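Enquirer: My questions all concern the structure below.
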Amino acid sequence: MRFGLNIDHIVTLREVRKTYEPEILEALFIAKNTHKVDLITIHLREDKRHIQNEDVLRLLEISPLPINIECSINAEITDFLCSLKNKPSKVTIVPENRNEVTTEGGLDCSLKGLEEVIRAYHNKGIEVSLFVDPLKDALHFAKEHQVKQVEFHTGVYANLHNALYSNANNQIHAISTLKDKCPKELKEELHNAFLQLRRMSKEAFFMGIVVCAGHGLNYSNVKELLKIPSLRELNIGHSVVSKAVLVGLEKAILEMAQLIKR
């Protein structure tokens, strides 16, 4: 299993104060020196709430690890990434809403302009992945447009797992639609969400599409996904950075790697 470390929220801390620390490159090399991280993931958002264009340039110039850049189909961002001298290892196209706290679901593959953006990256020799819900239509769209990777949105699975097996429902930011559900109902929905991820991962495998996954994964809910044999990569960020605040980044990375690289 490949471990993609998302370092967006290290930069979030920097941007809160508009200062120079924490240093994104220091985080990069801490990750590299653990010898457990396979790639670095960053999300270049339209609103630039964390990662900035300059961060992209600096990372691509010196990173010893592959860089996966998440982004929308925004024309300005597409032009910027296509113009880069140092190319990312892949671009993962994600849905984006300026009012969202975090990505809320998978990409709508009928989105106007999506096909043109995929072609633009392919023409520059940049591999494309699509951040999608685990659905057949998304896989067929990827296959039709020569997209060799998808990343399944695991938010539904993760939220259900957290509601059932952690104290998430008692926290200040509990998800209202899950808070009042009984354990039996949560368990059934969680089982179905996992089965859907497993079924669609198998479907993708037989279609020749590499399957990655991410969103909302943490030290508790990630273990079940290791039972999906066709899953090749997990991208995890917020939970690792959250733990790093308390125990340090190196230890937080190693603890996650111990779970997913067994």
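For all residues, glycine too, the Cβ spot is worked out from N, Cα and C.
Marked as active site, proton acceptor by Swiss-Prot on the basis of sequence analysis: HIS43, GLU70. According to Swiss-Prot, the active site, proton donor annotation covers HIS215, on the basis of sequence analysis. Annotated 3-amino-2-oxopropyl phosphate binding site per Swiss-Prot: ASN6, ARG17, GLY216, GLY237, HIS238, in sequence order. Under the heading 1-deoxy-D-xylulose 5-phosphate binding site, Swiss-Prot lists ASP8, HIS9, ARG45, HIS50, THR102. Annotated site 'Transition state stabilizer' per Swiss-Prot: GLU151, in sequence order.
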Enquirer: If you measure every Cα to Cα distance among ASN6, ARG17, GLY216, GLY237, HIS238, the residues said to bind 3-amino-2-oxopropyl phosphate, what is the biggest one in Å?
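Expert: The widest Cα-Cα gap among those binding residues is 25 Å.
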Enquirer: Want to know which recorded positions, from HIS43, GLY237, HIS238, are within 10 Å of GLU70 (active site, proton acceptor) at Cα; which are they?
Expert: HIS43
Enquirer: Within 10 Å of the Cβ of GLY216 (3-amino-2-oxopropyl phosphate binding site), how many other Cβ atoms are there?
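Expert: GLY216 (3-amino-2-oxopropyl phosphate binding site): 21 neighbouring Cβ atoms within 10 Å.
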Enquirer: Rank the recorded positions HIS9, ARG17, HIS43, HIS50, HIS238 by how many other Cβ atoms lie within 10 Å of each Cβ and give me the one with the fewest.
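Expert: Minimum Cβ neighbour count within 10 Å, taken over the recorded positions HIS9, ARG17, HIS43, HIS50, HIS238, occurs at ARG17.
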Enquirer: Test of understanding: give the count of other CB atoms lying within 10 angstroms of the CB of ASP8 (1-deoxy-D-xylulose 5-phosphate binding site).
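Expert: The Cβ of ASP8 (1-deoxy-D-xylulose 5-phosphate binding site) has 21 Cβ neighbours within 10 Å.
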Enquirer: If you compare CA-to-CA distances from ASP8 (1-deoxy-D-xylulose 5-phosphate binding site) to each of the recorded positions ARG17, HIS43, GLY216, which comes out shortest?
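Expert: Going through ARG17, HIS43, GLY216 one by one, the Cα closest to that of ASP8 (1-deoxy-D-xylulose 5-phosphate binding site) is HIS43.
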Enquirer: Please report the three-state DSSP label of GLU151 (site 'Transition state stabilizer').
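Expert: It is in a strand.
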Enquirer: Which one is it: of the recorded positions GLU70, GLU151, which Cβ has the fewest other Cβ atoms within 10 Å in this structure?
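Expert: Across GLU70, GLU151, these recorded positions, the one with fewest Cβ atoms within 10 Å is GLU70.
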Enquirer: ARG17 (3-amino-2-oxopropyl phosphate binding site) to HIS215 (active site, proton donor): how many Å between their Cα atoms?
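Expert: Cα of ARG17 (3-amino-2-oxopropyl phosphate binding site) to Cα of HIS215 (active site, proton donor) measures 26 Å after rounding.
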Enquirer: Can you name the recorded positions among ASN6, GLU151, HIS215, GLY216, HIS238 whose CA is within 10 A of the CA of ARG45 (1-deoxy-D-xylulose 5-phosphate binding site)?
Expert: none
Enquirer: List which of the recorded positions HIS9, HIS43, HIS50, GLU151, HIS215 have their Cα within 10 Å of the Cα of GLY237 (3-amino-2-oxopropyl phosphate binding site), in sequence order.
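Expert: The recorded positions close to GLY237 (3-amino-2-oxopropyl phosphate binding site) (Cα within 10 Å), listed in sequence order, are HIS9, HIS215.
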Enquirer: Which recorded positions (GLU151, HIS215, GLY216, HIS238) fall within 10 Å of HIS9 (1-deoxy-D-xylulose 5-phosphate binding site) by Cα distance?
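Expert: Close recorded positions: HIS238.
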